[in-house]
């Protein structure tokens, strides 16, 4: 996980623990929902799903999860896999469990079952995973999100993206003053070269 990017880098089908910390105990019957959406506005209405190849590769180890669902919960038989009637978006819901003794976080283990680069699936389009805390009636109690990239080399990709992000945040250095040769003349005058303003740096705010 990269705090600077608010982005998780992981491998396909590998365990990804997500830690939930809440300010006060929620009411009985509270549930935790995880849903993936496309980050860019032009793709937001599309459902994030596995590519046809990984869908076909599903086997009995998938358990309760439908083959087209990208996000799965590991080690929880109470997980429910749902398709929204209106948006058709996929989500997985588990009952909220309080933190274990000595911890202030609830841990849920997720798996992401398709690579970000898969054709016919995410196809290199960035996704957000949205985690919501809901009461038994479906009312929203809390929400958070982070970007996810599923790839073969998470460590390498994280370092590359963090370096690119830092470069974009740094303002461009001011160019050195130009050295010019002038011919002295009694009847001409020359004005000094105008100083160039440094380019403004680009800043990105992650929500």
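Every residue, even glycine, has its Cβ placed from backbone N, Cα and C.
Among the features that Swiss-Prot reports, N6-lactoyllysine is placed at 14, with the record citing similarity to another entry. Sequence-distant neighbours of residue 14 (N6-lactoyllysine) (same chain, 6+ residues apart, CB-CB distance under 8 A): 111.
When Cβ atoms from all protein chains are considered, those within 10 Å of residue 118 (Zn(2+) binding site) total 17, not counting its own. Swiss-Prot lists 51, 54, 114, 118 with the feature Zn(2+) binding site.
Cβ neighbours of residue 58 (phosphoserine) (same chain, under 8 Å, six or more residues apart in sequence): 67. The annotation phosphoserine is assigned in Swiss-Prot to 58 (among others).
The DSSP breakdown of the region 'Interaction with E4F1' (132-170) into helical (H, G, I), extended (E, B) and coil residues amounts to 16 helix, 14 strand, 9 coil. According to Swiss-Prot, the feature region 'Interaction with E4F1' maps to 132-170.
The phosphoserine annotation in Swiss-Prot covers 145 (among others). Cβ neighbour count for residue 145 (phosphoserine) (all protein chains, 10 Å cutoff from its Cβ): 16.
Sequence annotations record features per position, and here Swiss-Prot assigns compositional bias 'Basic and acidic residues' to 159-171.
Sequence annotations record features per position, and here Swiss-Prot assigns phosphothreonine to 160 based on similarity to another entry. Non-local contacts of residue 160 (phosphothreonine) by the CB criterion (under 8 A, 6+ apart in sequence, same chain) are absent.
The ubiquitin cross-link annotation in Swiss-Prot covers 167 (among others) and is backed by similarity to another entry. Residue 167 (ubiquitin cross-link): 10 other CB atoms within 10 A of its CB, across all protein chains.
With a 10 A radius on its CB, residue 168 (ubiquitin cross-link) counts 11 other CB atoms from all the protein chains. Annotation comment: Swiss-Prot describes 168 (among others) as ubiquitin cross-link.
The N6-acetyllysine feature in Swiss-Prot is assigned to 181; the stated evidence is similarity to another entry.
Here the motif 'Bipartite nuclear localization signal' (181-197) has a mean pLDDT of 46 out of 100. The annotation motif 'Bipartite nuclear localization signal' is assigned in Swiss-Prot to 181-197.
Per Swiss-Prot, the feature phosphoserine maps to 191 (among others).
The annotation region 'Oligomerization' is assigned in Swiss-Prot to 201-207.
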Cβ density check for residue 114 (Zn(2+) binding site), other Cβ within 10 Å (all protein chains) comes to 24
For residue 51 (Zn(2+) binding site), the closest of the recorded positions by C-alpha position, picking from 145, 167, 168, is 145
If you measure between the CA atoms of residue 167 (ubiquitin cross-link) and residue 114 (Zn(2+) binding site) and round to the nearest Å, you get 30
As a whole number of Å, the Cα atom of residue 114 (Zn(2+) binding site) is distant from the Cα atom of residue 145 (phosphoserine) by 19
Around the Cβ of residue 51 (Zn(2+) binding site), other Cβ atoms within 10 Å, all chains included, total 20
Here the Cα-Cα span from residue 145 (phosphoserine) to residue 118 (Zn(2+) binding site), rounded to a whole number of angstrom, reaches 22
